[in-house]
Structure formats: structure tokens, C-alpha cells
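Everything on this sheet refers to the single structure shown next.
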Amino acid sequence: MTQTLYDKLMNAHVIRRDNSTELIYIDRQLIHEVTSPQAFEGLAIAGRKPWSTSANLAVPDHNVPTTNRSSGINGISDPISKLQIETLDKNCKTFGINEIPMNDIRQGIVHVVGPEQGFTLPGMSIVCGDSHTSTHGALGALAFGIGTSEVEHVLATGCLWQSKSKNFNIEVSGKLNKHVSAKDIALYIIGKIGTAGGTGHAIEFSGDTIQSLSIEGRMTLCNMAIEAGARVGMVAVDDKTIDYVKGRILAPSGAKWSKAVEYWHTLHSDKNAHFEKIAHFNAKDIKPQVTWGTSPEMVITIDGYIPNPANAKNHTEKVSWENALNYMQLTADIKISDIKIDKVFIGSCTNSRIEDLRIVASVLKDKKIANNIKLALVVPGSGLIKKQAEKEGLDKIFINSGFEWREAGCSMCLAMNADKLKVGERCISTSNRNFEGRQGQGSFTHLVSPAIAAASAITGHFSEVK
């Protein structure tokens, strides 16, 4: 019987089936400071120990400051942020969980650190108390976000009851246009299928365009699968996947490596495997994208115009557009390139890897950011990425252009740490969400690729790469 990649991974981890749900074994769990305190507290109250300490890896990321790290935790000004990181440290020590602490050079965003360390491996089932866990599917893994109570359940038992998703194949074919990246592909797809297009499905991205992407690019794509409504996003294993994993600290070696690679080569959908839903896109139709509203599906090309609600396809969409225009303080039918921006954020679990930073540096080299830009940040996804960028001299390009070069963390992706927008500020961001107040109360977020963020920083308004 032919199987999709998702079917293969689910079947490989099923312990028991019960009507419409399946009890599956969880190979790895990533933990951060926001969704874990109650889970550890539940273990303590019940007097339980973790099923497998080695199956878990913790790293603080949401609340960590991206400046003034020399004082450690005591340097965190916000008492709640400080408490959450202190609590993670304490819980990991109490329960024997391996943690990469705040000032360790390996620290970073959990969805960057997992693959970087080799903790994320093809064929594994991977969970985290974070919706963007779908990122890890780029390595041919079964990865999805879970809630706090489920974090506790995985800690205690190493298992989870899950309802099986339907299969959705999104195929992208052809050569990408110049300056078009995985982020543009993701936003373009979401613009076409909507934020509910993948609801109830596991999305497998396929086609020669996807195969041409680096692993970093595939991570960006799978990271955004959740924004299309899917819980799971994945790409089949190929030689790029195996080359990426090889030699990483926690990856297998020797005879175990050879055995693993043999299995990993089977992690692709079989020919003629059944998908409940299929969508095809041509790469030549994809241009650099930018969101204009309060949902990732509210997206246009960088040379496009703000949509007019009068042209909405139905009443629901019309009202949604009107509300978005009102919140974003935008006027229909104006060219988006005429809109000025206040701040620029390059980072997040979507676009903070070394490939992203190299692209940004190539656009910024020998240029300065516009005078109207109040703040421009480049925040690497991990301390190791920061180290590599500095080795290549990218940090000097960022700083010379007027950007601030920060420490690793989630930073301005969400208003949970010191890096946030003020009321009325408009930000062009390489992150993944643009709902009301995401980057700060009363702020306006526009999602773009790293290249477009850098180009727009130079001109002070939404711009293509020149």
C-alpha cells in the first residue's frame, strides 16, 4: 500500500489506535520558558519524574534580552520575564533536563537551536509548546506544536493521543525569480489558499522549486505552514537533508549514522500516494511579497496596491478588509511602496539563520538606512549563528549601515520582551505573524523576506531590491 510521508511517520510512531485517535510515541521535545512552568509544576505535584530526560532539550528564547547580557538573569528588567527564565533554569536542574542557558553561546530560538544541534533528526516525532514547531518538518520529521498540559504529558509518558490529519500536497515548480525567497513562497501560498486552507491537514511541500531550496529555506517554508492553518509542514528527505545533519553534535555517527541514513532515504511520499488535497503553483508567478493587513493571507506584491474592500469576493472578506484597513491606518488603492516605515526587524524563527543574514548583508553593503527609520534590528537565531556572522564580517556591514546587531532571541517577533513597538509605529518584519498588537499594543506589522526588509530599510518605505 502506498503511503505519504506523513502517513509513514505517523505509522512509525503509533502505539495504539482508538477509533479516530492514535497514541503516538514522541521521540523529542523542545522546551522553552513560557509554556513549561505549569508542566513541570504538574510533575512535581504528582510526584512524577520525566519518562526520558535525554528526549528533552530546553532553551530560553521568548523572554531573553537581546542587549546587556553581561549581567545575566539579574540584568533582566521585567520581573515576569526574569521569573520565567529563572523558573526554567530551576526546573531543568530539578528534573535533570538538559538546558542550554541564556548566556551559553549555543542559546537561541528553540526552532533554530534544535536543527542546529542535531537534536532534530529526520524521521523523528518532535513536539514543543509552540505553534511554529512545524519548522522541524523541513528535515523530514513529524513536528507539531502542543499545549502546556500536553508538554507535561510528554514529559511524564513520552506519548500523546493525536487525531490523524488529512494529507495536503503543495507542489511548486519552476525557477524562482530574482530576489524571491522561501518567505515569498510561503506568503504567496497563504495568499492563495488562505489561513484556513490547510486546516485539518498535514502539508507536504514538493516540486523542483522546493527541492532547490536550502534546508534553511525549507525551514522558513515549514515554519509558515501553521499560518496556512496546517498543524504540520514537511519536506521529503534528500541529499541536502542528510548533508545538513551530518556532523552535528547530537547526530548519530559511525555505524549508527549509516543505519540512520539508510532509513532516512525512505522518508518520501510513495509514487501515487493518496493526498486528500493537492495544489500546484508555478514559481515564475511568485514575486516578492508583503502583507498589508492583520493576517498573513492579506498579502500583495511589493509593487502592488492596497486592496479595496469593494473588490472583496464576499461580505465576510469585505468586512475583514475594512477592519484591517482601519486598524492598520491605511487607505485602499494606494501603492504600498508609497508607505513609509518606522522600524525594521530582521530575525525570528522564520528568518534568522546564517543564509538570511548573508542575504541581508548583500543588500545593505556600502549603504545606509533612511533617516526616517527610528530603529533597525538584526537579531541572529542563535549564538552560534551570531559567531559565524561575525566571522564572515556581516556584523560590520549591519552596523555600518545603521542597524543594531543584537544577541540571539525571539526579540521583536512578539511583544513579550524589551524589544517591542510603540503605539502607532509601523514595522517591516521578517517574522511570521501580523495580527493586531503582535509586536506591541497599537502597532502595525508588515511581513516580508529578509531581502525586502533590508531594501526597505535603505529607502525608508516598502521597496524592491535594486
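Heads up, the Cβ atoms here are built off N, Cα and C, so glycines get one too.
DSSP assigns Cys413 ([4Fe-4S] cluster binding site) to a helix. The [4Fe-4S] cluster binding site annotation in Swiss-Prot covers Cys349, Cys410, Cys413.
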From the centroid of the CB atoms of Cys349, Cys410, Cys413, the recorded [4Fe-4S] cluster site, which same-chain residues not already listed sit within 8 A by their CB, in sequence order?
Asp61, His62, Ile109, His111, His132, Gly347, Ser348, Thr350, Ser352, Gly409, Ser411, Leu414, Ser431, Asn432
Including all protein chains shown, what's the count of other C-beta atoms within 10 A of the C-beta of Cys349 ([4Fe-4S] cluster binding site)?
26
In sequence order, what residues of the same chain, 6+ apart, have a Cβ less than 8 Å from the Cβ of Cys413 ([4Fe-4S] cluster binding site)?
Phe345, Gly347, Ser348, Cys349, Ser429, Ser431, Asn432, Arg433, Arg438, Gln439
How many other Cβ atoms are found within 10 Å of the Cβ atom of Cys410 ([4Fe-4S] cluster binding site), counting all protein chains shown?
29
